[in-house]
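Colleague: Straight out of TrEMBL:
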REGION    74-147  region 'Disordered'
COMPBIAS  74-84  compositional bias 'Polar residues'
DOMAIN    343-428  domain 'Carbohydrate binding module family 25'
REGION    447-488  region 'Disordered'
COMPBIAS  447-485  compositional bias 'Basic and acidic residues'
DOMAIN    518-611  domain 'Carbohydrate binding module family 25'
DOMAIN    682-771  domain 'Carbohydrate binding module family 25'
Amino acid sequence: MELSLQLQRPPIVVLNHTNVCFKIKSFLGSRQFTPWHTECRTINLPRRVIASAADPAPKDFISNTQEETNMQNMNTQEETNMQNVKPKINGDKEDPDMPASSTDSIEPNNIEVESKFGLEAELSTQKRKPKINGDKEDLRMPMSTESVDPNNIAIESKAPLEEESITEFYQKNKVDEVQNEQAKEDLPPVGKELDADVSNLNVVNGSAGNPNVVNGVSNLNVVNGISNLNVVNGSISKILEDVAGLEKKETTSENGATSENGASIPRDVFSEGKHIDITKADDNGAVKIGRDETNEERVKDNSLQLELEMEANLRKQEIEGLAEVNFENEDKVFVYPQIIKPDEEIEVFFNRSFSPLKDELDVLIKGSFNHWRWRSFTERLNKSNLKGDWWSCVIHVPKEAYKMDFVFFNGQNIYDNNDETDFCIPVEGGMDEFAFEDFLLEKNQRDEEQLAKEQADKERQEEEKRRIEAEKAASEMDRAQAKTETKRRRERLQQLMKNAAGSIDNIWFIEPSEFKGADTVKIHYNKSSGPLAYANELWIHGGHNNWNDGLTIAEKLVKSEEKEDGGDWWSAEVAIPCRALLLDWVFADGPPKATTIYDNNNRQDFHAIVPKGIPEEMYWNEEEQQIVKKFRKERKLREEAIRAKAEKAAEMKAHMKERTLKRFLLSQKNVVYTEPLDVQAGRTVTIFYNPANTVLNGKPEVWFRCSFNRWTHNVGILPPQRMLSADNGPHVKATVKVPMDAYMMDFVFSEREDGGIFDNKGRMDYHLPVFGGTVKEPPLHIVHIAVEMAPIAKVGGLGDVVTSLSRAVQDLNHKVDIVFPKYDCLNLNHVTDLHDQRSYSWGGTEIKVWFSIVEGLSVYFLEPLNGFFSKGCVYGCGNDAQRFGFFCHAALEFLNQDGFNPDIIHCHDWSSAPVTWLFKDHYMHYGLAKSRIIFTIHNLEFGAHFISKAMAYADKATTVSRTYSKEVAGNPAISPHLHKFHGILNGIDLDIWDPYNDKFIPISYNSENVVEGKRAAKEALQQTLGLKKSDFPLVGIITRLTHQKGIHLIKHAISRTLERDGQVVLLGSAPDPRIQNEFVNLAKQLHSSHRDRACLCLTYDEPLSHLIYAGADFILVPSIFEPCGLTQLTAMRYGSIPVVRKTGGLYDTVFDVDNDKARAEAQGLEPNGFNFDGADCGGVDYALNRAISAWYDSRDQFNSLCKRVMEQDWSWNRPALDYMELYHAAKKY
C-alpha cells in the first residue's frame, strides 16, 4: 500500500549531539553535512530520505562517537552515489542497468517511505537534466541505499507530522529541554490538515530486513524534491502506529469526524474552520484527502523562505570573501553585487581604517549618478560584522543610471573623496551616456512644458480673476451712470409734464380726456391754426416720455366733422404706448422721411399727460434697469471690438515677425543657407556654403567646423568635416545632427582640416537659431547709458533708437535697463511710478537715484544736486561736454555700487562716449569685469573727437546702417578700427507707428483696407489744413530743415509737385533762424498762389505728423546724407511710397520699382519706392516725375504698391537679432 501524507510544513531534522548540530545544504552540488554551532532546521527542503531496516538496535541509544562516524560515512557515501546517478528527464524510461553502490539493498521486503515536503526546491546543477514539459514524471530515482525490489513498501508523505514524532523517528533521542525550546522558536506553526494517499501497502511480517542500518537511519538523500525514506527494523510500524494513533485520537475527540470509508479527520481541522475533501478509494485502495489552497500557499511561503535563507547564506559567504580580498589589497571600497545593474539595490562597503575617516564616529556616503547629474543621495553607514573595519549601507540604483559617483564624509567637514577624484562605479545593462542625455533632455522638456502649463493656468486664473473684478467694477459703473442718466431724464420729463396740457383751445384736443396705456384715443388738430394750413396731407409723428424710444407713432389725419368754431379740424386714432407717462408729437405734411413742413409748437413740440399712466416710481425703477442693460450692452460691444482689434494686431505682428525671421535666415543665401531652413533640435540639417563669395574663393577644399549654443555646448566643437560638392553650382555641403538641447548652431569654414584661412564672418562667426530644443538661450543683461530717450526726452532719432532697441531686445527675453539723466524738463506723462530709491555721493556732490517704468522699460534716473540737469533743456547749455562727462562717470559708479555687473554696457554718440574710456580706466578691473562695451555712432557730424576716442576703447562699435558704415569708413576716427565696426540698420517701433491703432487718424487700417484708410486720412488732412478736397497726388515732407536734409531739393520738389497738379504738405522747423525765415516767406508765397494745394507747417506737431503719414501718397526724403533715416520707414508702415536720395540708410531700405528688383531680391524683398542719385534738381525730378506718373497712370498698380510696402517689416525685429549677434561676439573677447 502507498500512503501519501500532505505536509503543511516540513519536518525538523535534528541529529542530537552534545556539541554539534548538522545542517542540510541542498543548494550545493552534492549532499553535504556542514557543522554549525547552533541547532538548525530545514524548511520546505525537498529531499528523498532512504532508511533500511536491518539491525534492531536500541532506538534510544547510540554513542556520540558512533553517531559522528556514521554521519561522516553517510556523507562520503552520498557524494559517491550522486556521481553515479544518471539524471532522468520526464518521459525517459528507467535504466535497469544503472550501477548502484555496494551499499544498495535488494531486499524484497524493504519498506520505502517517500516524502515530499512543500514545493520542489531548485536542484543542484551537477548531473541534473531539467524536466521538459510533456515528459513523464520520474517517480523514482534510485540512490545508493535505495531498494529497487518491487515488493518494497513505499509511503509517500505529503502531510505535516508532529514535531515530536518526526524527531523521535530520526533520532530516537530527546534533545534537552533548552535545545528543544530554541528549535521550536525557529519553527513555523505546525499544520493540522491531513491529506493521505494510501495505496499498495504490503507488509511482510511487519518488517523488512536491511543489514546496513546505522542508528535506525540508513541514508538521507534529496533528489528532485522527493524524499525517500526506507525505514527498517520496526521503524515503519512506528510510523503506522503514529498514524493510527492520530486517527484514533481524532476519532475519539469531542469534535472529531470520520470519513465515509473510515478515515479519521483531525479535530483541529474542524476547530480551525478548514475543509477536507474525502474521496472513495480507487481501484488500488488509495484514499485521497484534499486540502484548501491556504495551506498550499503556506507551503509555498515556507519554500520561498528557505530559498531566501539559502541565498542570504551564499551572499554572506561571497561578501566575506570580497571583504577579505579587498582588505588584503588595502582597497577601501567594494560593492555587492560586484556588477551593478540599474533599478536594483546594492550594498556599499567602506573600510574606515584605510581612510581619513578612520578616527571618526560617523561615516556617511554622499553621492549621485551619471557624473553627479542625477538622483543625489546621502546615507549613513553602519558597522558591519565583517573582519576588518568595514562599514556598509544599501543604495538603490535608479533605472536611468550608467555611473555611480560618491564620496564619504563624517557628516561635517572631513571627506574621503578618493584623492580629489571621487569614487565612481559603472552601472551595466542600462542606459549609456548618450541615452541618458536624451532622456534628461526629454525630461527637462516635459518639466518645462509642465511648468509652462502650470504658469499658463495660473496666468489664466489670475486673468479670469482680474476679468471678474473688472466686470464687477464696470457693472458698478454702469449702474452709477444709469442712476445719473435716470435722474437727468426724470428731471427733464417732470419739467415737460409740468408744462403739459390736456388740450389747447382751437389747436388740438384728445378724446376721451381720460385714458391709459394701451388705450386708443383720437387726437384732433385744427389745420388752420398753424403752418400746415395749406398742406395737402396731414400726419402726426409721435413718441412718448420725451421721445425716449424715438418715433413710435406715425398716423395720417383725416377730415373731421365741422365744428361750431368753424376751424378746419382733422383727426387720427392713436394707440397709447403701455409705459407712457407723457405723449410727445408734432404735425407734418407727410409721412416720416417725406416731410417738408412741420408744426412743432414753435420748436417745443406738443405734449399731453397720460392721466391714468403707470405709477411714476415704478416706471423710473424699470427705466433705470433698462438703462443699465443698455449701458452694459454698449460696453460689451466696445470691449469686444477692442479685444478683437488687439487680437488682430497681435496676429499681424506675429505674422510679420515670422516673415522677418525667414528673411533673416535667407539673408545670407548667397553665402550660406540650410535645408531645412528652420533648424530643428534633434534632427539632421544640411549646411550649404558658397565659397565663391567669401575669402575661401578658389580654395581646393573647404572644411566645416560646428558646435552649438554659442560654442558652449557640452559636446564641444565637432570634428572638422570636409564639405562635399553640392548639386547647385559652386556650393558645397555638410550634414550635422542637432542635439535636443541646442538653441543655436555655430559654425565657421576653413581651407584645411588643421585651419589655415578662416571664413568666420568678420570675427562674428555664423550663427543660426535652433527651434524646438529643450533648452532656452540664457538671457543677457544689457544696460544703456544715454542722454536721449523717447518719449520723455527726445531731440532726434537717438531717443527713438534707445527706446525701441531696448524694447525689441527685451522682447527676446533679455534683461534691459536704462541709466538716464533726470532732466527738469522730462515729459512725465509717459513715466510710471516714479520714486526715489537711494542716494550716493560721487564727484563732490550727492546724487539721487530715481526709478520708473517708461514704455515698459526699467529706467534709473540720476539727479546730481549740483544742478547739471536743471537747465530746462537737453542740449545747448554751453557746458554740455562737462555735464555729460559727469553723467557718464556717475552712471558707471552707480552700476558698480549697486552690483549690476551687466553683460553689455551700450553707449550712444558723443554724449555718452566717455563711458568707453572711463570703464576701461576705472571699472573694468574693479567690479565690472564681466561687462563689455558697445558704442553706437548715430551721426558722425557731432563730437568727432569724442567719437574717435570711444572707437579706440570700445569692444565693438556700430553705426545705424550698412551703407553709412561704408561711407564713413575713411574717416580718421573710424578707419583704424574697421575690424570691430559694423553697420546695423535702425528700425521703427510698431506700437508707436501703427495705422491699425492710431488715435490721430480717422479710421484704422492695415494692408487689407489700405485704400479706404488712406482715402479717409487724405480727406481729413485736406480738411484740417484747408486744402481742396479733391483726388490729387499728395506729397508729404516731414523733416528738420537743415542743409543735411537737402533743403534746396525740398524747395524744388514743392514747385515740381505743384506743376504736376499735385498737393504738397510740409511739417518741420529749422534750428537755424535764417533757414526758418526762408521757409516762412515761402509759406506766405504758396498761401497766396496755391492755398488750396500747398501748406507749410513750420513747427513740430506729433498728431499732424501721423495724419500726414497716413494721408499722403508719397513721402519725400532728399537728404544729402542720412545715417539711417526713420521717416521713409514710417512712411511705408502707413502705406505711403518713399521718394528718396540714394545715401546711407535710405539706400539700404528703399528699392526703386524700376531699377532695383535684383537688389531687393537679394535682401528677400520686393521694390518699394523711387530713388535718385544726384544732389541736384534733375535727380529730384527723375524720381518725383516717375512717382506722380505711376499714381496717375495705373491706380490699381499704385494701390498694390501701397499694400506691398505696408507688409514689409521695418521694425526692430531684424535689427534686434543683429544686435544680439554683436553682443555675443563682444562677450567672446
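Just so you know, glycine gets a Cβ as well, placed from its N, Cα and C.
Whatever TrEMBL says is automated annotation, not expert-curated.
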Colleague: Take the domain 'Carbohydrate binding module family 25' (343-428) and count its residues per DSSP category (helix H/G/I, strand E/B, coil), listing them in that order.
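Modeller: Split by secondary structure, the domain 'Carbohydrate binding module family 25' (343-428) comes out as 3 helix, 45 strand, 38 coil.
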Colleague: DSSP helix, strand and coil counts for the compositional bias 'Basic and acidic residues' (447-485)?
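Modeller: So the compositional bias 'Basic and acidic residues' (447-485) is made up of 39 helix, 0 strand, 0 coil.
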Colleague: Summarise the model confidence on the domain 'Carbohydrate binding module family 25' (518-611) as a single mean pLDDT, whole number.
Modeller: 93
Colleague: If you run through the domain 'Carbohydrate binding module family 25' (518-611) with DSSP, how many residues end up as helix, strand and coil?
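Modeller: Residue counts in helix, strand and coil order: 3 helix, 39 strand, 52 coil.
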Colleague: Where DSSP helix means H, G or I and strand means E or B, what are the helix, strand and coil counts for the domain 'Carbohydrate binding module family 25' (682-771)?
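Modeller: Across the domain 'Carbohydrate binding module family 25' (682-771), the residues distribute as 3 helix, 42 strand, 45 coil.
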